[in-house]
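First comes the structure, then the notes that go with it.
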2 protein chains.
Amino acid sequence: MKVVKFGGSSLADGEQFEKVVNIIKADQTRKVIVASAPGKRFANDIKVTDLLIEFAHKTINKEDCSSTVKTIWSRYHDIAAYFQISEQLLQPLLQELIALPKADYPNQDYLMASFKAHGEKLNAQLLTLVLQNYHLPAYFLDPQEAGFMVTDNANDTQVMPETYKNLEKWSSRDNVLVVPGFYGITKDGLIATFSRGGSDITGAIWARGIKADLYENFTDVDAIYAADPRIITHPHAIKVMTYRELRELSYAGFSVFHDEAIIPAIEGQVPINVKNTNHPDLPGTMIVPEHDFHPQSIITGVASSSHFAALYLHKYLLNKEVGFTLKLLQIFYKFNISYEHMPSGIDDLTVIFDKRQFNEQIRQQMCFEIQQALQPDQLEWFDDYAIIMVVGEGMRNKIGVMKNITMPLAQKHVAIHMINQGASRISIMLGTKRADAAAAVKEIYQQFFK
Amino acid sequence: MKVVKFGGSSLADGEQFEKVVNIIKADQTRKVIVASAPGKRFANDIKVTDLLIEFAHKTINKEDCSSTVKTIWSRYHDIAAYFQISEQLLQPLLQELIALPKADYPNQDYLMASFKAHGEKLNAQLLTLVLQNYHLPAYFLDPQEAGFMVTDNANDTQVMPETYKNLEKWSSRDNVLVVPGFYGITKDGLIATFSRGGSDITGAIWARGIKADLYENFTDVDAIYAADPRIITHPHAIKVMTYRELRELSYAGFSVFHDEAIIPAIEGQVPINVKNTNHPDLPGTMIVPEHDFHPQSIITGVASSSHFAALYLHKYLLNKEVGFTLKLLQIFYKFNISYEHMPSGIDDLTVIFDKRQFNEQIRQQMCFEIQQALQPDQLEWFDDYAIIMVVGEGMRNKIGVMKNITMPLAQKHVAIHMINQGASRISIMLGTKRADAAAAVKEIYQQFFK
């Protein structure tokens, strides 16, 4: 039994829908189909989810929504027309879209969640109609009916533990179950969505729930690559990798798969197959449990991300000052700032942040409070910080990996500002200036893959 | 004006005392002389401080102390005899030693502190007599009279801020001031000692207090070396280094200078000259403020220490779990355990401890509580952990240092378990197995100094 998730570009128009139908038809074990909202059809296209967000804002501001609704509906209507679905069958979907502003919402957050979720909800219903048109036993399964229960956080929800039990009983149904991704139902019967791109999470939860043999994740790339194709031309496609490797690479910008989505798959030990809707015969990338994996190379991938900043503190006897770190963590907590890493020396501490949490005012206020409370001898802020992750199960207990990373960087005069090795056994984390990140990835890739 | 501290081996017997007298005579700017207790005269000798600790224990246990007192007194008596100091001048010192058990102490901690401190107190008085014998204007300055005030922690005290002001006025005295190292006086007039080896701290406090031009620290080595002579035969002697470099190297076992002693010197910006009492004409090692230093080489020294242990934790989404680190710190706090470093990955955390804090029971209980409270997927303990520090102001903004460290280690098949670079800009910290530490130091030393 397989759970199959199709991304937004796989369900963007009639032609893409046809590929999806063929994929579903080709394998009867494809039991649960998770649908995303229609994505981009061409580079400058607007995703339906973004149109729905616009629709929600206009509703909140009591602006005229008619042109937005028309644009949204045209996306579904065009797909339906491709398959000659009758207007009569389509009417309920249009009514549902139009009715969105009229419903009661406890607050604007839930209004937003409900509007956004309908990108998936309408598309799943449309896909059901299309599959039925091909005489497949498709059944649209609403999250409410399925028992897909989530927490009260309207736009960044989490799955509730009872969901897994509720989903399990659906595995015995004969239908092809078509479920909308991205959202679930709160205990008050309200729609709440995962973070953006959350259909990956929905699929993983279903895969764990029905104890699937495989979770197929169809997207628009042939495989997960060992490096970013924008940096390395024709990078090596990864055939098999572990859950852990994917998590480490996701952290530094590998965005093929939502980084929270892997957790239910791990908990259920369901392997994931990332495949391309446009080339379904290619093997794609398998993501498997650690015990099923025998590394063929030292490193599996290298990634970089430049949305980091670093705070450097120097104070003599810092490592003897009990509570120094605790005070610092309390200040971060007060400003609702989370830190990523905190390498410490004898009298020094560097704190690395995801800098998207800051604006200039918060940064200044936080630094001011740290100065007041901890009285460091030195406090410096570095704004252009990139993190490079070199990841591979194959580097466990392997000697000389660090040499092979640092040697080519030294030859190309790339300065390494931070190295964090030893936290994870399957990765090495480097810090460089933002401007050096691409060169570093290039050199490391060449060293291990050429 | 100079403050000059002589270590225990420099004041161990008559011949050593004579060298000290000559050093003091040779330079009239040597104003404040800090005396240690008599140290070892030969490899298996017992230091007077250890004899005094034995004396204190026997007093507490109401055992016969006469043989211990006799052994202690013989040390001072032999030195006095070497200089033909009269028994009459010496009598008050013997009376002071004998009177120790009869005094009132608020508790056993203060008894212990007072007994220990008399190693320095008697030796400073004896040195005063010897200097006066040579017609030098020596004056024994008791910490009580000097205003050398310290906190209430009997055997691990800290200097009080007012001490600096109190000491300053002594700088105008014409005498050579002979002061005992290692202890000060609490607000209740009690003797409290620094941690063991604390005469270095006394000297640094005096140097800051009288705004000395130089703090000379006389010991029994010609210089501070770039590596441990037990690992590297005839290592390179360091001519000049910075305060910071010394602190980083002290951390990993460089024990020439007490690691707290450097702070008052830094605060007063007094340069330190580590010299050898046995070869006073050699230049020794100068320890200077950062702004006075122009590095001549990339690294200044490499040191290793193996009293570490590491705890490895793995938990999925650990970096999204707010308060994970906080909970961990609270458990450490409960067990009164301080951590050294905490490199973190995406789903992993390694905590490095000074393992001298643990016994097997505490370790097991702490790990049990961590397991209960944080429910990691994986928890492992590594007992044979060594830390290697590669230190040098010259490595700031220098590219390729890491390559030159990791390359020779890879060639010799030394596995690096942890690298912490980026906390301090002047050092790189490596973690290896204890058995690999000496080999690592050797390879790194060869790479940079040969």
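Cβ atoms here come from the backbone N, Cα and C positions, even for glycine.
Pulled from TrEMBL:
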BINDING   B:LYS5, B:PHE6, B:GLY7, B:GLY8, B:THR219, B:ASP220, B:TYR225, B:ARG230  ATP binding site
BINDING   B:THR49, B:GLU120  substrate binding site
DOMAIN    B:390-450  domain 'ACT'
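Here the Cα atom of B:GLY8 (ATP binding site) is found 10 Å from that of B:THR49 (substrate binding site). Within its own chain, B:THR49 (substrate binding site) has B:GLY8, B:ALA37, B:LYS116, B:GLY119, B:ARG196 as residues 6 or more apart in sequence whose C-beta sits under 8 angstroms from its own. Geometry remark: B:GLU120 (substrate binding site) versus B:ASP220 (ATP binding site), CA distance 18 Å.
Of the listed binding-site residues, namely B:PHE6, B:TYR225, the sparsest Cβ surroundings within 10 Å are found at B:TYR225.
In this structure the residues listed as binding ATP are B:LYS5, B:PHE6, B:GLY7, B:GLY8, B:THR219, B:ASP220, B:TYR225, B:ARG230; their two most distant Cα atoms lie 26 Å apart. Around B:ARG230 (ATP binding site), no same-chain residue six or more apart in sequence has its CB under 8 Å from its CB. Cβ-based crowding with a 10 Å cutoff singles out B:GLU120 as the top-ranked of the binding-site residues B:GLU120, B:ASP220. DSSP assignment over the domain 'ACT' (B:390-450) gives 30 helix, 13 strand, 18 coil. Sequence-distant neighbours of B:THR219 (ATP binding site) (same chain, six or more apart, CB under 8 Å from its CB) are B:GLY7, B:SER9, B:SER10, B:VAL256, B:VAL274, B:LYS275, B:ASN276, B:THR277, listed in sequence order. In the three-state DSSP scheme, B:THR49 (substrate binding site) is classed as helix. On its own chain, B:LYS5 (ATP binding site) has B:ILE33, B:VAL34, B:SER36, B:GLY181, B:SER199, B:ASP200, B:THR202, B:GLY203, B:TYR215, B:GLU216, B:ASN217, B:PHE218 as residues at least 6 apart in sequence with a Cβ closer than 8 Å to its own Cβ. Counting every protein chain shown, the Cβ of B:GLY7 (ATP binding site) has 24 other Cβ atoms within 10 Å.
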